[in-house]
Amino acid sequence: MGKKDRQRKKLREFAKLKNRQRNLRKSVQTLKNEVQREAKVPRTSNQIALGNDKIEEINENSPLLSAPSKQEEVSIPKAVDIDTIDAQPLHEGPKIDDSPQDEVNSIKGKPADKANEDDLKPPSQHEACGNSALQSSITDFSDRSVSPLQSITSCNTPMSEHELPVSSSNSFERADDMPVVQADNQTSSSKSLHIVAPSPEVPVSGDEITSYGYGSIPQSIGDVENGLNPPYVENTSSDELVHDLTRRRIFSSCMCTYLFFIAMDSSIILVIASKIASEFHELWRLSLVISAYLLSNAIGQLVFLKLSLISSVKLLLCIAQFSFILGGYLSWSSAHFWTFIFARCVTGFGGGSLIALKSTIMNRFSQKNDSRYSLSASMITFAMGVVIGPFMMNLFDSSHGSGWRNAFLIPVPFCLVNASIMLADMYSVKSTLYGRPTPTLWKRFKNTLLSPDLYEILTLTLFLLCFVQVTSLDLTGLKNNTMIQALLFSVIIVCGILFFLIETSDTYMNSVISMSLQGDKRLIWTMIGISFCFAALMCIIPFGTTYFIIVLNLSTLQLAERLSPFFFSIVLGYFSVSYFWKSKGQNFLLKFVLSGATLLLYVALMGVSLNLPVWKQYICLSLPFLGSSMILTLLSNLYHEYHEQRKSPISGSIVYCFGAVGGTVGISLGGYVFHKTLIKLMHEKVMPFSKQGYLKKDLLKIIKHATESSDWVHESAPKFVFQTLIECYLQACRNVFKLSTLFFTITVVAIFIFNRIHCRSQNCLSLS
């Protein structure tokens, strides 16, 4: 008997016990109704004893419903613990110490003194209360003939960061821990006793449903445990339950596969950016190759976080998958530099969109208590993609330097299979995706267009685009270049001011990407620390690999081996802080020790030389990356802790998004420093060779070729100037490492200011 057969057998046995329990509870309720009706008529002591004997006889015959301890005590009912009920073994039921009537009242969420009054009401009132709009909407999600995405991807119920229910099954749970979920498609009356499902919803009045609120979705399982949920019955066979859990696991696997290939694609572009730019003879535009990817990645996350409020998730998933697959194909087939830049923009937009959708959809599939395990699995998957990327690139590397194109084509067939599986699951049942827009949908769309989010996205996009153009493009050769530069700088300043005003305005406190600057000052300093830490990483990783490739002349296999410790840096950096760091403890000294040690590693990176020992090649990038990973995890946890509770489900995507924004600024400034330093040093050190009899015209050609392609330096550069050119590259990399040290210093200052604000707030709370 296989594992699946044993699971089905256990589920069938459990379903039989549940049905028996339901029938016995109905019998108890019927008997109690008779007792209540007879209570109005004076009875003798023999009749009362006979009724009590019947109740005890029924309770003794029930293996799932225990008898009450004291029948005379009818006091405040105890709330039913849903997790306890579902966690009981199959051969024994939940232990309930209250009387059967109190048990009924506790399941319904009513006090004991009001239960009798409700029983005297006509059945029509109970039916009206039971048949709520929320209960009918849950039926779609509980219907196992429908795909698990049908209820969350319908255009009538678009997914947003404010509508993240707690699911009954974790996407990364073990196969042995399968919860039993049952469905009900009929309205239940108050005369029947119901079984509480693992994940019921919380009814909320219409006044509480706002455009930025959770609406009728419970914020935590505690709301359900407090008795606020309406009872409903669910009936589903064990085969359908196993099939539904299999669907959810398949979907979670597909999303993690996308995350793996996104990480692999990102690592490839970060590692061989200088090699790609050299092949296109655009080495001085090295930063543009990476900044275009990071910029489109951040914009994709912001846009899809907003579109998820007004559009169907099915459509958004299709667009995101198509963008990522198309970008990989264009990266493989691009023959010109600007075509490749466009391909990286498409890939980055698709990757950012998939990350935004994954962070929100996976929160629906996993319970709040299990979100840490889901995030841990995602971090391990991401780390594996980062490490495997350079090794996959080495498989297709050739002596001509064009093998890196095939590395971008690797994710395409796997992503096509993923897309086919997800689309077949989503569109297996007819939905209302192409239905007519309702007035509610149009009103929501109109309110979304008038919300501050789109203005924030627009101003931030213009700010980053102009910033990338100023730092990555050569505007000196254009006519009226002074005017163009002044215009771009003006746009940068205006967009920055507008973005700051939108974020600090009290009117726009409810925006999706708001950092809540007016709400808690600690949030802005955590976000500044995250952004500048990403900026520091985006300086040392691309230009650290540039140092390995150009200065040390390492092969792609040797480069992949030097970067293999990055996996342990990511995993250890995340787990050491998330599982062993007390987030609310007074760990100020430990924070500064970690920050100071990481800052010293950044300073040590500035002293790299032409001949670096092999053991230092393994740790010169991995150790600063480890410290930065720990700092990023710490700041991210602090941001989640102090962010508004109703926005916590999307705070992870917001952190990654603004990290990408900081990385865009960091790589742009790093590329600008690298290019300017390289041009200046080559003119200072190469042109003096004219005194030795070399023509200035030939020396200028050497400088031009050296700034356009590092491959030309190693293959065709004259021997008399080769060592000088390598020294110029080394000094340019050192200057970029100095810039990364400055960025990380700002991160340390942000942590210091955060701790000062935190200490003041704690002192104020203690005094009050």
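Including glycine, each Cβ sits where the backbone N, Cα and C put it.
Just so it is clear, the model here is predicted, and its values are computed rather than measured.
Taken from Swiss-Prot, the feature compositional bias 'Basic and acidic residues' applies to 110-121. Residues annotated as compositional bias 'Polar residues' in Swiss-Prot: 132-159. Residues or ranges marked as N-linked glycosylation site in Swiss-Prot (evidence: sequence analysis): N480, N553. According to Swiss-Prot, the feature phosphoserine maps to S62, S99, S106, S160, S192. For 34-172, the entry in Swiss-Prot reads region 'Disordered'. Annotation comment: Swiss-Prot describes 1-252, 306-311, 358-375, 428-447, 503-522, 584-587, 639-653, 756-768 as topological domain 'Cytoplasmic', evidence class sequence analysis. For 274-282, 397-406, 469-481, 544-562, 609-617, 675-734, the entry in Swiss-Prot reads topological domain 'Vacuolar'. Sequence annotations record features per position, and here Swiss-Prot assigns transmembrane segment to 253-273, 283-305, 312-331, 376-396, 407-427, 448-468, 482-502, 523-543, 563-583, 618-638, 654-674, 735-755 (among others) based on sequence analysis.
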Worksheet item: Residues sitting near the transmembrane segment (407-427): Cβ under 8 Å, six or more positions beyond its termini, same chain?
Response: 147-150, 153, 247, 250-251, 254, 257-258, 261, 264-265, 268, 314, 317-318, 321-322, 324-325, 328-329, 331-332, 347, 389, 392-393, 395-396
Worksheet item: In the topological domain 'Vacuolar' (675-734), how many residues does DSSP put in helix, strand and coil?
Response: 53 helix, 0 strand, 7 coil
Worksheet entry | Segment-segment contact (the transmembrane segment (618-638); the transmembrane segment (523-543)) at 3 or more Cβ pairs under 8 Å | yes
Discussion item. Given a separation of at least six residues and a C-beta threshold under 8 Å, show me what packs close to N553 (N-linked glycosylation site) in the same chain.
Written reply: H714
Worksheet item: Excluding the flanking five residues on each side, which residues at least 6 beyond the ends of the transmembrane segment (735-755) place their CB within less than 8 Å of a CB in that stretch?
Response: 522, 525-526, 528-529, 532-533, 535-537, 539-540, 543-544, 588, 591-592, 595-596, 598-599, 602-603, 605-606, 608, 628, 631, 635, 638, 666, 669-670, 673-674, 677
Discussion item. Just to be sure I understand, if DSSP states are collapsed into helix, strand and coil, how many residues of the topological domain 'Vacuolar' (274-282) fall in each?
Written reply: 6 helix, 0 strand, 3 coil
Worksheet entry | Cβ contacts under 8 Å made by the topological domain 'Vacuolar' (544-562) with residues that lie 6+ beyond its boundaries | 270-275, 286, 390-391, 393-394, 397, 605, 608, 610, 612, 617-618, 620-621, 674, 710, 713-714, 726, 729-730, 733, 737
Item to complete: Find the member of 253-273, 312-331, 376-396 that has more C-beta pairs under 8 Å to the transmembrane segment (523-543) than any other listed stretch.
Response: 253-273
Discussion item. Should anything in the same chain at least six residues away from the topological domain 'Vacuolar' (609-617) have a Cβ under 8 Å from its Cβ atoms, list it; otherwise answer none.
Written reply: 548, 551-552, 562, 726-727, 730
Worksheet item: Using DSSP, what's the helix, strand and coil tally for the topological domain 'Vacuolar' (609-617)?
Response: 4 helix, 0 strand, 5 coil
Discussion item. Return the average pLDDT for the topological domain 'Cytoplasmic' (503-522) as a whole number.
Written reply: 56
Worksheet item: When you scan the chain for residues with a C-beta under 8 Å from the topological domain 'Vacuolar' (274-282), skipping those not six or more beyond its ends, what do you find?
Response: 288-289, 336-337, 340, 401-402, 404, 542, 545-546, 549-550, 708-712
